[in-house]
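Written out below as structure tokens is the structure these notes cover.
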Amino acid sequence: MAKYENLIPRFLKYVKINTRSTPNATTVPSNERLTKFAEGLVEDLKAIGLSNVHINAQSSYVYATLPANTDKQVKKLGFISHFDTADFNSVDINPQFVENYDGHSVIKLDDAGKYTLDPAVFPNLKNYQGDTLITTDGSTLLGADDKSGVAEIMASAEYLLAHPEIKHGEIEIGLGPDEEIGTGADHFDVKDFGADIAYTVDGGPLGQLEYETFNAADAQVEITGTNVHPAEAKGVMVNASQVAMDFHAMLPEHDRPENTEGREGFFHLYSMEGTVDSAHLSYIIRDHDRQIFEDRKKLFQGVADQLNKAYGSDRVAVTIKDQYYNMREVIEKDMTVVDLAKQALEELDIKPLIFPVRGGTDGSKISFMGLPTPNLFAGGENMHGRFEYVSEQTMEKATDVIIKIAQLAEAQA
Ligand SMILES: [Zn+2]
């Protein structure tokens, strides 16, 4: 029998329920599906035997507590995951199983073989020799991002309740909606949650531990032209689309997503529209380094200022909004939360994979609310689409890691 008998069945039950979040929604959570799913989680968490199970009315996060079984003063640990899925077909998810994968075969997702998992395209498949893989049938995503995290956190709590000989402090569980549309963590209630240090269990492959993210801003550029008849335009027309192209050309050419990697930041033009009369450019600005991030925003505004000077009027209006910051700024003040995870991985013979994330996690916001929250692997690969898959064995190891962190925190208190 599997060590965590409900881990995979619970995961399969959850992925079959459509929890796709709705971009640009004005409600919290972003749709009714998520509310219903949250209510189901409450029942399941209560059935496991957890305490203080409730839905936070403001955030729609589901919170639960596993009480301590030691008298020691242990830091309260939190484990967080999201149950919404990305913006991709999530109707009738039909998980497929590849048992004892040989590490080199091409896996057919649909019967016709239109979609495949091919190690030549997805080299990480080679890491899963001997594993049982759970894949899609090619028509939907899988939702391992992040129902694997949900199932792992629940399995670890269930295991600890069944094994009182494993001593641990109080453990808080937070399962939330709308991570994929970037709004879920905005409503996270650190006080209601009640942890001292926490982890999102929302990373990818085995061993991943992330505590460094981008600093992030969204930047909108509104350009106003002067539209006259082209025949009589000389010296009069200001073509907003031309000004938009000039604007983009004045940004550093190298600093684009397609030219950068590692710790290199960028300006990413993700949408543009324009006529002679007006034009609109939408960017995101990213950098791991806070100072360089601030400098990037200044440079961006500087380009607008320069163009306004050239045209002698306020034709280019820039609005920059910070989205999240590099959690490292918070976490490096006390590395306990990272050290615990690293030690847990090492004791379980899992090689820690620690790299700066070229993006954000829920933890990048939650850390700045005062709760240091790095990100642990949950196991998913190729997230957000039909090629998503996860290994059962990796999910078991992620569960092992959660339990080990709880154990170590108690032992070191
Ligand atoms: Zn995720």
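Cβ atoms are placed via backbone N, Cα and C, with glycine included.
What TrEMBL says about this one:
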BINDING   HIS82, ASP145, ASP202  Zn(2+) 1 binding site
ACT_SITE  ASP84  active site
BINDING   ASP145, GLU180, HIS384  Zn(2+) 2 binding site
ACT_SITE  GLU179  active site, proton acceptor
DOMAIN    211-312  domain 'Peptidase M20 dimerisation'
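Taken residue by residue, the domain 'Peptidase M20 dimerisation' (211-312) breaks down under DSSP into 38 helix, 31 strand, 33 coil. Summary of the Zn(2+) 1 site environment: with the site residues HIS82, ASP145, ASP202 set aside, the chain residues having Cβ atoms within 8 Å of the Cβ mean position are SER81, ASP146, GLY149, GLU179, GLU180, THR200, ASP362, ALA378, GLY380.
Of the listed binding-site residues, namely HIS82, HIS384, the sparsest Cβ surroundings within 10 Å are found at HIS384. Only ASP202, of the recorded positions ASP84, GLU180, ASP202, HIS384, place a Cβ under 6 Å from an atom of ligand 1.
In terms of C-alpha distance, the listed recorded positions HIS82, ASP84, ASP145, GLU179, ASP202 place ASP145 closest to HIS384 (Zn(2+) 2 binding site). Neighbours of the residue listed as 'active site' among the recorded positions ASP145, GLU179, GLU180, ASP202, defined as a Cα within 10 Å of its Cα, are ASP145, GLU179, GLU180. Calculated from their C-alpha atoms, the gap between HIS82 (Zn(2+) 1 binding site) and GLU180 (Zn(2+) 2 binding site) amounts to 9 Å. For the Zn(2+) 2 site, the Cβ centre of ASP145, GLU180, HIS384 serves as reference, and the other residues of the chain with Cβ at most 8 Å from it are THR85, ALA86, ASP87, PHE88, LEU141, ASP146, GLU179, MET383. With respect to their backbone Cα atoms, ASP145 (Zn(2+) 1 binding site) and GLU179 (active site, proton acceptor) stand 10 Å from each other. Spacing of GLU179 (active site, proton acceptor) relative to ASP202 (Zn(2+) 1 binding site) is 10 Å (Cα to Cα, whole number). Around the Cβ of GLU179 (active site, proton acceptor), 23 further Cβ atoms fall within 10 Å across all displayed protein chains. Geometry remark: ASP202 (Zn(2+) 1 binding site) versus GLU180 (Zn(2+) 2 binding site), CA distance 11 Å. Looking at the domain 'Peptidase M20 dimerisation' (211-312) alone, the prediction's average pLDDT is 97.
Listed in sequence order, SER21, HIS82, ASP84, THR85, ALA86, ASP87, ASP145, HIS384 are the same-chain residues six or more apart from GLU180 (Zn(2+) 2 binding site) with CB atoms under 8 A from its CB.
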